[in-house]
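Chemist: Right, I'll just put the structure down here and ask away after.
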There are 2 protein chains.
Amino acid sequence: MQVTFLGTSSGVPTRARNVSAVALRLPQRAELWLFDCGEGTQHQFLRSDLRVSQLRRIFVTHMHGDHVFGLPGLLASLGLAGSCAGIDLYGPDPLRDYLEGVMRTSSTRIGYPLRTHRVKDAAARGTLVLDDDDITVRCTALTHRVPAYAYRVDQKPRAGRFDVERARALGIPPGPVYAELKAGRSVTLDDGRVIRGEALCGPPRPGCSVVYCTDTVFSEAAVALARGADLLIHESTFSHGEAELAIARQHSTSTMAAQTALEAGVKQLVLTHLSPRYVAGNPMTPDDLVAEARAIFPETVVAKDFLSLSVGTAG
Amino acid sequence: MQVTFLGTSSGVPTRARNVSAVALRLPQRAELWLFDCGEGTQHQFLRSDLRVSQLRRIFVTHMHGDHVFGLPGLLASLGLAGSCAGIDLYGPDPLRDYLEGVMRTSSTRIGYPLRTHRVKDAAARGTLVLDDDDITVRCTALTHRVPAYAYRVDQKPRAGRFDVERARALGIPPGPVYAELKAGRSVTLDDGRVIRGEALCGPPRPGCSVVYCTDTVFSEAAVALARGADLLIHESTFSHGEAELAIARQHSTSTMAAQTALEAGVKQLVLTHLSPRYVAGNPMTPDDLVAEARAIFPETVVAKDFLSLSVGTAG
């Protein structure tokens, strides 16, 4: 999986950072998923190397404008491009009303299937938001001024790497039989031989996991959701010194994000959703926030727009 | 008056052109007005030398997304900045519903007075949308797939330039009396002399006028509104060769825009709202559209993002 940050500012855009959006590329299925969609996200796609035509699912954490005001424009542009097979949208209860109101008053016709899924019940019951052959998605309620949800994407363990050279050397004719063998199943060839797929595959490859957690003050539910994840993307609106403000506004400090990563035992933490006050030239900068977090959780980096990270094995 | 184009593409943003927005700076009252507000307009303000804190009025032509999807974010950011004294919004009937729906579902609190004015009746009756000491604004209904309105801003004629050196030479003590004289009124000084302000002022300066006309197919109402204007900003979504498509979609070609300028007898025409198909490297470019228009109306230029034009006398 490949994670690309398209917006890393909180509240308002700056010249360097747009408001929230994170793209998740799933190369093995040629799909792009999006987490949040602040105003200007479609513009950020234009400036990235991501193909917006691959977009299939959008997960919305909460309804604040800096996380959703880019949705109508992105969905309308996908319609004008004419190549969208359909979009599944996941989010808080008001998401459907919001979009229906905007589309009605602006006479916007989408022209492709747009399905909106409410995640409140899945968060409350701990059931899966999505479960298909390759991937599960679950969510949990965070602690913010409005209902907000963190999402966790888990890739299922995959069969080991298929040794195509060895299969050829065994004289197995190429064709659909290769897919069976790749999946680790046994196959009887036309000549009567029984080939065990497992014998042609390397050891099973564990799936990887990404957790997206914004907006929230420190949350035990976020710790539980992020348990053992490869990558935790966590909001860090404020520096440690602004803890009082963070609590008042139900946002996180750098150290709350680090504490979440530490308690959850994740492999890597990325700080995002930074207040515009943290820029070079001001008393505190993004580098200072990273330093504060690293004192608690060393494997921390700070996001910037268009930062791209690979998670897990490729392919 | 100073006109700055913040978005000049139709339908969708491109890497070079954002969707519709035009700023009008009124230096003599330190105010900024905005015409349309496509997604990303607040980002364009960040990249311009305009001060968004001076924004006082926003005129919306019609409800299509590429003209209004930047409004919620801009209005919310003005609220977060905390320095906005109030905004007056003018536009089609659904504008208020649109914003109320977005603000409600996104829990956005604006924190300053936001007044929404419907312009339908003013367009139908030919009455003024705005009339104050310096300026009038009127509008007219265009011909598009949804109700759309063109706006005309007229600066009222102003008193001639005040000759402050001559006033000093006459021994007139500086003070509030200068404002009276500047306005062309007569004043009796403490020493009994009667000074005629007119005698200290140059000839009255005519006001200038700007017309913003989008989206529409060729419209006689637009011609009437633009009569004798200094600057006509007119949509030119398509080239002359695409007239059939323009009529089907109720948009203008370059030559329809030029015909409007010619019939209205304006001083200058600016083409904007160009289809993304017109880029360098494609068979037709923005330069080709200008050439087509100039064959009919020579004083034509094509807008690009951040193009800035002065209209009328400064100050």
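Glycine too: its Cβ is placed from the backbone N, Cα and C atoms.
Pulled from TrEMBL, these are the listed features:
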DOMAIN    A:18-273  domain 'Metallo-beta-lactamase'
BINDING   A:His62, A:His64, A:His144, A:Asp215  Zn(2+) 1 binding site
BINDING   A:Asp66, A:His67, A:Asp215, A:His273  Zn(2+) 2 binding site
ACT_SITE  A:Asp66  active site, proton acceptor
Chemist: From the binding-site residues A:His64, A:His67, A:His144, A:Asp215, A:His273, keep only those with a C-beta under 8 angstroms from any C-beta in chain B, and list them in sequence order.
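Modeler: Sorted by position along the sequence, the hits are A:His64.
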Chemist: Determine the mean pLDDT over the domain 'Metallo-beta-lactamase' (A:18-273), rounding to the nearest whole number.
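Modeler: Mean pLDDT across the domain 'Metallo-beta-lactamase' (A:18-273) comes out at 95.
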Chemist: Helix, strand or coil by DSSP: which one applies to A:His62 (Zn(2+) 1 binding site)?
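Modeler: Once the DSSP labels are grouped into three classes, A:His62 (Zn(2+) 1 binding site) ends up as coil.
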Chemist: According to DSSP, does A:His273 (Zn(2+) 2 binding site) sit in a helix, a strand, or coil?
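Modeler: In the DSSP reduction, A:His273 (Zn(2+) 2 binding site) maps to coil.
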Chemist: Starting from A:His273 (Zn(2+) 2 binding site), work out which of the binding-site residues listed here (A:His62, A:His64, A:Asp215) have their Cα within 10 Å, and give them in sequence order.
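Modeler: Hits: A:Asp215.
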Chemist: Measuring Cα to Cα, how many angstrom lie between A:Asp215 (Zn(2+) 1 binding site) and A:His67 (Zn(2+) 2 binding site)?
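Modeler: Cα-Cα distance, A:Asp215 (Zn(2+) 1 binding site) to A:His67 (Zn(2+) 2 binding site): 10 Å.
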Chemist: Around the Zn(2+) 2 site formed by A:Asp66, A:His67, A:Asp215, A:His273, list the extra residues of the same chain whose Cβ is within 8 Å of the site's Cβ centroid.
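Modeler: Here the nearby residues are A:Ser10, A:Gly11, A:Val19, A:Ser20, A:Asp36, A:Gly38, A:Thr61, A:His62, A:His64, A:Thr214, A:Glu235.
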Chemist: Looking at the binding-site residues A:His62, A:His64, A:His67, A:His144, A:His273, which one has the fewest other Cβ atoms within 10 Å of its own Cβ?
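Modeler: Each of the binding-site residues A:His62, A:His64, A:His67, A:His144, A:His273 was scored; lowest Cβ tally within 10 Å is A:His144.
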Chemist: Return only the integer: C-alpha distance in Å from A:His67 (Zn(2+) 2 binding site) to A:His144 (Zn(2+) 1 binding site).
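Modeler: Given the Cα positions, A:His67 (Zn(2+) 2 binding site) is 14 Å from A:His144 (Zn(2+) 1 binding site).
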Chemist: Residues near the Zn(2+) 1 site, A:His62, A:His64, A:His144, A:Asp215 excluded, by Cβ within 8 Å of the Cβ center?
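Modeler: My list of surrounding residues reads A:Thr61, A:Met63, A:His67, A:Leu142, A:Arg145, A:Val146, A:Ala148, A:Thr214, A:Thr216, A:Gln250.
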Chemist: Under DSSP, is A:His144 (Zn(2+) 1 binding site) part of a helix or a strand, or is it coil?
Modeler: coil
Chemist: Distance check, please: Cα of A:Asp66 (Zn(2+) 2 binding site) against Cα of A:His144 (Zn(2+) 1 binding site), rounded to an integer number of angstrom.
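Modeler: Per the Cα atoms, A:Asp66 (Zn(2+) 2 binding site) and A:His144 (Zn(2+) 1 binding site) stand 14 Å apart.
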Chemist: By a simple count, how many Cβ atoms lie within 10 Å of the Cβ of A:Asp215 (Zn(2+) 1 binding site), its own Cβ left out?
Modeler: 27
Chemist: Reduced to three states, what secondary structure does DSSP give A:Asp215 (Zn(2+) 1 binding site)?
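Modeler: Where A:Asp215 (Zn(2+) 1 binding site) sits, the three-state DSSP reduction gives coil.
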